[in-house]
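Student: For reference, TrEMBL lists these features for the protein:
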{"type": "ACT_SITE", "residues": "TYR57", "note": "active site, proton donor"}
{"type": "BINDING", "residues": "HIS120", "note": "substrate binding site"}
{"type": "DOMAIN", "residues": "27-291", "note": "domain 'NADP-dependent oxidoreductase'"}
{"type": "SITE", "residues": "LYS87", "note": "site 'Lowers pKa of active site Tyr'"}
Amino acid sequence: MAKAIPEVILSCGDDILAIPVIGMGSAYPAPDPETDKAAVLEAIKAGYRHFDTALVYGSEKYLGQAISDAVRLGLIKSRSEVFITTKLFASFAEKDLVVPALNMSLRNLQLEYVDMYIIHWPFKFGGEVKSMPVAKEMVLPLDLKSVWGGMEECKRLGLARGIGVSNFTCNMLQDLLSIAKIPPVLNQLEMSPAWQTKKLNDFCKAKGIHVTAYSPLGGANSRVGDDRVLRSNILEDIAKAKGKTTAQVSLRWVYEQGVSMVTKSNNKERMKQNVDIFDWSLTDEELEKISHFPQRKAVTFASIVGPHDLIVDIDAQL
């Protein structure tokens, strides 16, 4: 029987959204379409209802096809049973491009709306980008007021039920809150025992902004992460004592920070293990041990986009 995944209730304008605390993220680069679709269907069978994608991932079409197949197969009754998040890529971070970019994503997804639309990166590209890293002159600051105006228009048009951001620092969020007519409901950011982002998480809580964590296992297979979470002696000892896996201990720690998260796995057993974290908890002593987990250096964007001044400054604040 599929595990029931708890939800967090969010309010965005006149919409009340229930976001499952664990979602399935998209692999990047996306695998072949059939593998991607099969993974989504297996995730639905395992109880997942939140699916996270982005235009730049190349997975929107496959996710949309999988959701359509899930309804046809009777795995879910309707599209309304799933929570879909997608993202505005940096090449489209201009006021007049925001709505067209979301419409492009909706066509890919075969949907009339998404549940959450977020600004993917806290900067923009001054043109089309075909590969990374990019030239210094391509990386520009966001015109936050105008871009957020485009995000608010997506909300007003009913194309997105909720709007938010990703990888925004405390200063960026403060600036956004000062000009937003519809405040951001969510900030998606990296969080794991190896990258705990306590200051930023506490700031978001104080401002009523929900946090969704990506790379909750440290991003072992990504360009910016490593395997220090999965090979941690601290987490392994806790896992052995509880009869759990190291990954489950890491996910439970993230959950106990009061955030939701997106995980990535095409393995059926690991999908099930990843949602088997709700009927047990970490002790105060275990939480104290994890609080001293060695933190990795902040190189999130510099390693992807390039070590440009704007990028290095953002990394330093995350």
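Using N, Cα and C of the backbone, Cβ positions are placed for all residues, glycine too.
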Student: With every protein chain in view, what's the tally of Cβ atoms within 10 Å of the Cβ of the residue listed as 'active site, proton donor', excluding that atom itself?
Tutor: 21
Student: On a simple 10 Å Cβ count over all chains shown, which one of the recorded positions LYS87, HIS120 is most densely packed?
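Tutor: The residue with the densest Cβ neighbourhood is LYS87.
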Student: Restricting attention to the domain 'NADP-dependent oxidoreductase' (27-291), give the mean pLDDT.
Tutor: 93
Student: Determine, to the nearest whole angstrom, how far the Cα atom of the residue listed as 'active site, proton donor' is from the Cα atom of LYS87 (site 'Lowers pKa of active site Tyr').
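Tutor: Each residue's Cα considered, the residue listed as 'active site, proton donor' and LYS87 (site 'Lowers pKa of active site Tyr') end up 10 Å apart.
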Student: Rounded to a whole angstrom, what is the C-alpha distance between LYS87 (site 'Lowers pKa of active site Tyr') and HIS120 (substrate binding site)?
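Tutor: Here the two Cα atoms are 5 Å apart.
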